[in-house]
Amino acid sequence: MRLPEALYTAAQVRELDRLAIEERRIPGAKLMQRAGAAAFELLRTRWPQARRVAVLCGTGNNGGDGYVMARLARAAGLTVNVLSLGAVEKMRGDAAAARKQCKSAGVAIRNFQTDLLAGHDIIIDAMLGTGLEREVEGEWRAAIEAINASRIPVLAVDVPSGLNADTGHVMGAAVRADATMSFIGLKAGLFTGAGREHAGEIFFNDLNVPPDIYAGVPALVRRLTETSLHGLMPGRRRDMHKGDAGHVLVIGGDRGMPGAARLAGEAAYRAGAGLVMLATHPEHAAHISTACPELIVHGVATPEELRPLLARADVIAAGPGLGQGAWGDALFGAALDTKLPMVVDADALNTLATDPLMHADWILTPHPGEAARMLGMTTEQIQADRFAAVRELNASFGGVCVLKGAGTLIASLYDGVVSVCDRGNPGMASGGMGDVLTGVIAGLRAQGLISPVAARLGVWLHAMAGDDVAASGEIGMLASDLFPHIRGRLNRLVRHAGG
Ligand SMILES: NC(=O)C1=CN([C@@H]2O[C@H](COP(=O)(O)OP(=O)(O)OC[C@H]3O[C@@H](n4cnc5c(N)ncnc54)[C@H](O)[C@@H]3O)[C@@H](O)[C@H]2O)[C@H](O)CC1
Ligand SMILES: [K+]
C-alpha cells in the first residue's frame, strides 16, 4: 500500500481508531486481527526465508497485534516463540483475548529473557506502540538493548518500541527496526529526528477502515511527495527572456569564505533562475567570477555599493559565508530594509538569534544548532521535538521556516501545515549542502513560486538530488555533485506535470 501524505499524532490515530470502532462498528478485535495479518504478510514477503520467529509482546494492543502475528506464523508452520514483557496478569480486552487465542493455538509463550533471542531469524517488536507514555526502563530497556545488540533483523509493529510516535524522540532507548508497519494513520514521529534512524523502511496499512473517517481528523503534518509537488512550476513561454525567470541576489562570502556564496549562486541557476548576482567581499570577487562565469559577481564593501544590486533583484539569498562581522551585518541590514522576498541562512540566522527582526516575506533555513540559538534553547531540546521547534520558530519569526536535519520540516504561517521531507541521506551531512539548498529555494522563489511552495519544492529537489548522488554511495559526496540532479529532478517534475 502506497504511503499516504497525511501524518498523524498518536492521539489523532487513537481518535481514528475510536471512529472506526464506535461510529463505524468495526470491533477493535477485528482491527487487531487485520493489523496482525497485515504485519505477518509483510514478514512473509520481506523475509521469505525466515523460519524461526521471536515475537516480543507487551501488555497492550501493540502486544495484541504481536499475539495475532504469532498465531498466524505458527499456523503457517514457522517456529514461533513469544517472549512477553510486563504484567501479563493485568492484560484486558482485545489484547488478552489475542494472547489466549495464541496460547490455545499451541504457541510457546515465555517471559522475556535476553538469552532467549539467539537463534531466531527475525524479531517482531510488538512491545510498545502508540501507548508509550514514559521513558523505557527495566526489562523493557533491557529487551530493546538486547534486540539492538542481537543484529537479528527486526520488524516493528506500528512504532519501534521506545520511539515517541509524535516527535521521533527516543524515550530512553528505542528499537532499531529494519522495517516498521504502521496502521490506520502514519505517525509523524517515524519521519523526522531519530525516527528515520529507528523505523527502517516504513510500510502502511489502513486496516480497511472507511476512508471517510479521515475527514474527521485533519492532518497537520504532510509528507512531501512528487505527486503533491506536480504542476507548481510555471511554464516557460517560447519567447521568454532571462528577466522572466527572475533575478537572484546572493549576499555572502566574507573574507576567506567565497565558496558558500558561490555554491548558493550556482544552485539558484540550477533551479532555473534567469540571472544570479553575487555581492561578496571585494577580495575574492574576481576568482569567484572565474570559477563560475555565469555569476554576475560584484565586490561590495558597503551598503551604498549594495543598493544598485538590491534595486535589480527579485529575491535575496542572504547568509552563505556572510560571517558575523561588521561587513556582513551591514549588508544584511541593508537587505532587510527592502521589501524583497528573502531566503535567510547560516550566519544571517545567527544575527537574527541576537537581534530578532521581522521581514514581510522570508524563508529561514536553520539547522538544529542555529534553531537552538534563535530560540534560546539547546540543540537537544530542538531535536527532542522538532515539530514543536519548527512551529515555534515560525510563530516567532513569521514567514516560512525550514528546520533542516534528518526529516527536514517546513512550517509556514501561510497555511499552518508542517511538511516533512522523508528523502535525503547521511551523505548530505557535508559542507556546502546547506548553501546549495539556500540557492535552490531562492532560484524557485525568483521564478514566481510563493515562499511556502518554493521552500517545499526546494527541500524536496535538494533531498532527491542527494539521494540520486548517494545511489553510488553516501561517502565522499560534494555539495556541487547535486547540481545536475537538481536540474534533472526539476525538469522531470515539469515534464510529468505536462508543463
Ligand atoms: N483499535 C486499536 O486501538 C488498534 C490499536 N492497534 C495497536 O495498538 C497499539 C496501541 O495500543 P495501546 O494499548 O494503546 O498501547 P501500547 O500497546 O502501545 O502500550 C501498552 C501499554 O504499555 C504501558 N507503557 C507505556 N509506556 C511504557 C513504558 N515506557 N514502559 C513500560 N510500559 C509502558 C502502558 O500501560 C500502555 O498502555 C498501537 O500502537 C497498535 O499497535 C492496532 O494495530 C490497530 C487497532
Ligand atoms: K512496537
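Cβ from N, Cα, C; glycine included.
Unlike curated records, TrEMBL annotations are generated automatically.
On a predicted model such as this, the values are computed, not experimentally measured, just so you know.
Sequence annotations record features per position, and here TrEMBL assigns (6S)-NADPHX binding site to 61-65, 129-135, Asp158, Ala260, Gly321, His367, Asp435. In sequence order, Ala10, Val13, Arg14, Asn62, Asp158, Val159, Ala165, Lys187 make up the list of same-chain residues 6 or more apart from Thr130 ((6S)-NADPHX binding site) whose Cβ falls under 8 Å from its Cβ.
Look at Ser161 (K(+) binding site): DSSP puts it in coil. According to TrEMBL, the feature K(+) binding site maps to Asn62, Asp125, Ser161.
Marked as AMP binding site by TrEMBL: Lys404, Gly405, Ala406, Gly407, Thr408, Gly434. In this structure, Lys404 (AMP binding site) belongs to neither helix nor strand by DSSP; it is coil. Sequence-distant neighbours of Lys404 (AMP binding site): residues of the same chain at least 6 apart with a C-beta under 8 Å from its C-beta are Thr365, Pro366, His367, Pro368, Gly434, Leu437.
For 13-215, the entry in TrEMBL reads domain 'YjeF N-terminal'. Over the domain 'YjeF N-terminal' (13-215), the average per-residue pLDDT in this prediction is 97.
Among the features that TrEMBL reports, domain 'YjeF C-terminal' is placed at 225-493.
Asp125 are the binding-site residues among Asp125, Thr130, Gly434 whose C-beta comes within less than 6 Å of an atom of ligand 2, given in sequence order.
Cβ-based crowding with a 10 Å cutoff singles out Gly64 as the top-ranked of the binding-site residues Gly64, Gly405, Gly407, Gly434.
Around Asp125 (K(+) binding site), taking its Cβ as the centre, 30 other Cβ atoms fall within 10 Å, counting all chains.
A straight line from the CA of Gly64 ((6S)-NADPHX binding site) to the CA of Ala406 (AMP binding site) spans 31 Å. In sequence order, Leu56, Gly58, Gly63, Gly66, Ala126, Met127, Leu128, Gly129, Ala156, Val157, Asp158, Val159, Pro160, Val175 are the residues of the same chain, not among Asn62, Asp125, Ser161, whose CB sits within 8 A of the CB centroid for the K(+) site.
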